[in-house]
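Enquirer: Before we start, here is the structure in question, set down as structure tokens.
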Amino acid sequence: MPIDVSDSVLVARELLSVEDAESVLDWLIQHPHGQIDLADCNHVHAANFQVLMAARPKIAAWPQRETLADWLRAALIQEDTIHVQDDSGS
Amino acid sequence: MNPLLNQFLTEGRDFLEAIGAKLLELERAPEQGALIDDLFRLVHTLKGNSGLFDIPEMTRVLHAAEDLMDAVRDGRVAFSRELADQLLEAMDFVSLLIDEIAEASTDGQPPSTSHHAKDAVRLGAALRELMPEHPQTPAVSDAPDAASVSAGTESGSRPETDDLLDNLPESVRHDIQDRLAAGEPLCWLRYRPEEECFFKGEDPFFQIAQLPEPLWRRLGAREDWPPLPELDAYRCVLEFELILSVEAETLVEHFRYVPDQVEIRSLSAAMPDPAASASSSESQSESEPSSWAGLSPEARESICLTLEAQREILVLSDNPSWLGGRLRAVGATLAALLTSLGRDPAATGLETALEAALATDSGTYLLRWLDHQTWPASKPAAPEPIAETVREAIMAPTATDSSPATKTADEPVKFGRRADDQLATVRTLKVDQTKIDRLMNLIGEMVVAKNALPYLAARAEERYGVRELAREIKTQYSVINRIAEEMQDAIMQVRMLPVSFVFQRFPRLVRDVAHKLGKDVRLVMEGESTEADKNIIEALADPLIHLVRNSLDHGLESPEQRRAAGKPPEGRLTISARQESDRVLIEITDDGRGIDPDVIRRKAYEKKIIDETTLERLSDQEAINLIFAAGFSTAEQVTDLSGRGVGMDVVRNAIARVHGSIDLRSRVGEGTHLRLSLPLSMAVTNVMIIESAGQRFGVPMDAVAETVRVARRDIRVIKKRLTTVLRGRLVPLVALNDLLALDTPQIANDDDELAVLVVRIEKEYLGIIVDDCRETIDIILKPLAGFLGDLTGYSGSALLGDGSVLLILNPRELL
């Protein structure tokens with residue numbers, strides 16, 4: 001199971017597949033202030049992107065994989081600040 | 001080439017031909033429902049087949065054609081002339097792709113056909129437009145948008161790009177300008193995946209993530225996000241925008257499956273900011289080779305004008321028949337220009353671009369090449385209109401791509417033109433077997449006619465006494481003989497099939513049968529590529545299957561029995577084929593329980609196949625060979641696999657019919673080894689001519705063991721049968737005249753010796769007394785047909801060089 005959930009944090013590992021999008025969406029609906037931990041995530045299916053973009057949850061940890069992190073930041077943070085952000089270490 | 005691809009290409013051409021024929025037929029009789037069904041099926045199959053390969057362009061067009069045919073079939077669209085035109089054009093396009101793949105494909109992979117992506121999109125859209133409701137309306141309405149990969153000439157799309165670029169953050173813009181100035185190819189890409197893409201197993205983000213690191217990116221949505229509970233996670237509304245440092249072609253290739261969802265624009269010089277373009281041109285002049293510094297302003301201008309003219313020529317969207325010449329002219333001009341600038345045309349890839357342009361019949365490649373070269377800049381004071389056109393051409397480097405697209409409005413492009421002049425490219429012929437047979441018969445007759453020459457030579461010498469002429473005829477004969485043999489060989493090659501034709505069904509057969517019998521069997525096949533005549537291979541199919549089944553059923557034991565016998569539980573069945581001189585040897589070996597000669601003896605006796613005396617006398621090998629006797633079956637239990645008692649004698653006869661032989665060796669507990677020996681080809685038979693009662697007959701050489709003269713006094717009568725002793729062996733003799741019921745005695749020679757032809761039948765030797773043995777010749781054996789077909793004593797007839805008919809005896813049946 002790539003997704004571990006607690007009351008406040010959803011931890012995604014390896015890959016968020018197209019099927020996971022539904023679960024992520026449900027969890028975000030139920031936990032409007034939930035945070036997402038993507039540190040160990042390597043790839044996120046585009047459907048999850050949509051969910052994250054629509055929900056704009058707080059990202060507890062950005063992916064360690066730079067390509068993915070860059071895209072997620074581009075999607076979730078206003079573009080003017082793209083080049084300023086760097087909190088991937090958290 | 002990959003056999004699958006090869007087959008697809010061959011079949012694809014057949015399909016296209018059939019589709020074309022059906023379409024034409026439909027035009028004559030549009031009401032024929034059956035024809036439409038056929039057509040739909042053809043298009044459908046072709047589409048399905050194309051999906052096996054990485055040719056999305058073909059699949060796309062065929063898919064649209066299929067949808068259209070489906071609509072026609074359901075009566076939603078009436079079949080019309082335009083519809084047929086459109087379909088024919090689509091098929092011409094497919095045929096063009098097939099030709100291209102066939103030409104390029106050497107390593108088994110179809111080449112990329114992505115440069116046709118735009119045509120594919122256009123044709124697909126055109127086909128769908130003919131449908132009453134457009135199930136993919138967005139695709140159609142997107143089409144101009146998508147085509148703006150190319151359609152930069154449309155004035156509308158340019159400001160849009162400019163806007164987009166204007167929105168870039170300042171830092172990114174500078175970065176981009178710097179890179180452009182340094183000559184880096186930059187592309188702006190917008191990817192709008194279609195809404196249902198997730199259901200097609202696509203992951204747009206994966207596509208994007210595969211691209212190199214972008215200089216700038218934006219991930220947006222086509223509409224505002226709804227509140228979370230109303231969000232449909234599986235309706236894709238994402239929109240990716242990137243600026244990348246890659247060539248536009250690479251991107252087109254990368255997104256070739258979704259060409260209608262991406263928009264790609266090359267940013268070569270497209271920065272809208274006048275200041276930016278000025279600075280870029282400045283930096284360009286800085287980077288000019290020093291050798292250009294000496295160019296006078298006039299020279300620079302004329303270079304610019306020349307380049308401009310070439311561009312304009314390349315952009316021309318008419319498609320005259322002399323297009324090739326025109327492209328070559330442009331190529332020559334550019335090469336001359338390079339030379340005058342002191343550069344080596346070969347080093348710049350001009351030739352490659354020219355070849356590509358010629359191959360695609362469009363100037364696009366040359367134009368792209370032009371864009372990627374650095375040229376001396378003209379004086380800033382260059383005439384404005386020209387600068388304008390240059391700029392336009394540079395800004396829309398792919399504009400010529402769109403020339404077909406923009407042209408569709410007034411005059412559709414004809415791919416059919418290719419169909420007209422590409423006739424010579426078909427490499428494979430599918431020929432009816434009867435035609436090959438006819439050719440073979442003709443060559444056979446040629447061989448016979450050729451055989452008449454030695455007769456002629458002999459006559460010239462003996463009858464007319466002209467030895468010179470006889471020798472010349474013989475020389476000519478050897479020449480014709482050589483050619484005839486080569487012809488024969490060539491036609492044999494045509495008829496050759498690999499044994500894999502039969503072998504290929506064994507893995508499945510063995511697996512199924514073994515499974516049914518609860519046995520573990522490992523099948524080993526060797527020499528599948530060994531070839532033999534089609535007739536032989538076909539005749540081999542049934543007997544081989546029978547033998548394999550026998551081995552599985554009777555030969556190999558169950559795993560328990562095998563373990564008990566101290567053998568590995570998995571049985572091993574080897575089928576191998578190899579060529580040995582002019583025969584094909586096929587061996588079937590198993591490591592099963594083998595054949596017990598005692599069991600065979602007893603069974604044969606019980607079934608009254610042998611009598612008691614024979615029972616005593618039979619050697620083990622002879623006993624084993626009894627399983628080839630008619631009506632022999634040893635299986636305790638008749639299964640549905642084998643063991644109906646029709647097995648081995650049928651096999652032996654089938655093999656004998658193609659002049660093959662079968663040899664069986666078996667050791668109890670160790671396994672059975674079957675060896676089939678077959679001729680490579682049945683076309684030519686080597687026969688020995690014998691004379692008896694004033695007639696000539698032929699006997700196949702493979703049956704003849706030797707010919708001897710036996711003195712009449714050496715012939716003894718034992719139990720009313722003639723016998724003689726040859727090399728210490730008792731050989732029974734029969735007179736041919738008796739066998740043929742000719743009422744004349746055999747004629748002996750002057751020394752009172754009789755000619756005896758010793759033939760071998762199933763390892764038994766038999767002497768046939770004839771009047772005389774003559775030469776051996778190659779003949780084309782023709783089976784007796786009609787009423788004569790029932791005469792079993794003859795295997796056929798042949799025509800001799802002197803025009804007479806030779807009957808070929810079949811010693812086995814004669815006795």
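Including glycine, each Cβ sits where the backbone N, Cα and C put it.
What TrEMBL lists as compositional bias 'Low complexity' is B:138-151, B:273-293. The domain 'HPt' annotation in TrEMBL covers B:1-101. The annotation domain 'Histidine kinase' is assigned in TrEMBL to B:467-682. Annotation comment: TrEMBL describes B:684-815 as domain 'CheW-like'. Sequence annotations record features per position, and here TrEMBL assigns phosphohistidine to B:His44. The annotation region 'Disordered' is assigned in TrEMBL to B:134-166, B:273-295.
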Enquirer: Summarise the model confidence on the domain 'Histidine kinase' (B:467-682) as a single mean pLDDT, whole number.
Expert: 82
Enquirer: Counting across all protein chains present, how many other Cβ atoms fall within 10 Å of the Cβ of B:His44 (phosphohistidine)?
Expert: 16
Enquirer: Work out, from DSSP, the number of helix, strand and coil residues along the domain 'HPt' (B:1-101).
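Expert: In the domain 'HPt' (B:1-101), the DSSP-based counts are 83 helix, 0 strand, 18 coil.
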Enquirer: In the domain 'CheW-like' (B:684-815), how many residues does DSSP call helix, how many strand, and how many coil?
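Expert: Residue counts for the domain 'CheW-like' (B:684-815) by secondary structure: 19 helix, 76 strand, 37 coil.
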